[in-house]
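As structure tokens, the structure follows; a few thoughts come after it.
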């Protein structure tokens, strides 16, 4: 008899030398342990039992016993039992029944140990879960997240205030530049008016010099006229000539006429010069006033346009800042959702893997269950044959041992996932089975 244990299971085998076939019986416990019995009659008889339990901190236990009795049975032939051999077979049957009872008791002990192991695991798992209570750390993490969020909001408000102050400073700078341009334009206009005033003063001086020259000329003509009159009077006083002739030319009237003519010419020239001066001054004043009004209207329009431009620039900067903040929020939200999606996808993959493992375990357990049913059926048939043998049947026919199925198969599961932007769009599962 041999006892073997591997990966939390135990086997019992009973064998003897001879030509009789063998049968197996094994049972799987809840904790992964296995126990069973094998009986064979091949020129001798041996029996045994073993039990095992695997899992937790227990390595396993087993009880075995065996006996053998030499006999003269042939392979598949008819046998006649004598009285002593019949008693021996009954004794062996009793011992086999006792060993089966021991196996049942070991099964019950195995179940008790499994319950104890399960209770021990539950207790330790609860203790382990109680020891690793991270609720206070979660509260601390939530407080820190809240502080980080508040600090981020304060930082954003400060940055917004700084941007507003920068925009206001730029606005005041533009206003200062506009006022400086206006001041420089007014100074340029004043300088231009001063030049015009200088030109008008020069024209006035020229006209005054012309008036003085004409006045001097009139005075000179009057003086010459008086001298000529004196000369004529002196000549007339010395000579007294009476002649009968035609009346002569009256020089006084001529001189008076010339004087009047020259005075009229001077007055006319003065009035013309004054009219020209007034006309030129009025035209120049009109041009200056029109130019000043146009310049003032243009400057007012430019100022309004600059103010409108500043307002639009401020609105543009605010819109750009809002756009940047929204883009950052969108990127952060997308990153968080991508992380969550990846975590969910990882959980889905792990659950699918566990599901595949469970399916494989179910198939394996189903196969083992079918094998156990087959073994149980064969064992019941052998027990029935033993019973017939013990009842005194002259011959038995023992079926040949079942040939183990040496074929093996392997299942390959292929999962094809199509992802777009971190999101699973479609999923395909292919299963292939290979036999070797």
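Each residue's number is its place along the chain shown, starting with 1.
For all residues, glycine too, the Cβ spot is worked out from N, Cα and C.
Caution: TrEMBL annotation is automatic and unverified by curators.
The stretch that TrEMBL tags with coiled coil, taken from the ranges 89-123, 124-158, 159-193, is 89-123. TrEMBL assigns the feature coiled coil to one of the listed ranges (222-249, 362-389), namely 362-389. If you take every residue in the coiled coil (255-336) and average the pLDDT, you get 86.
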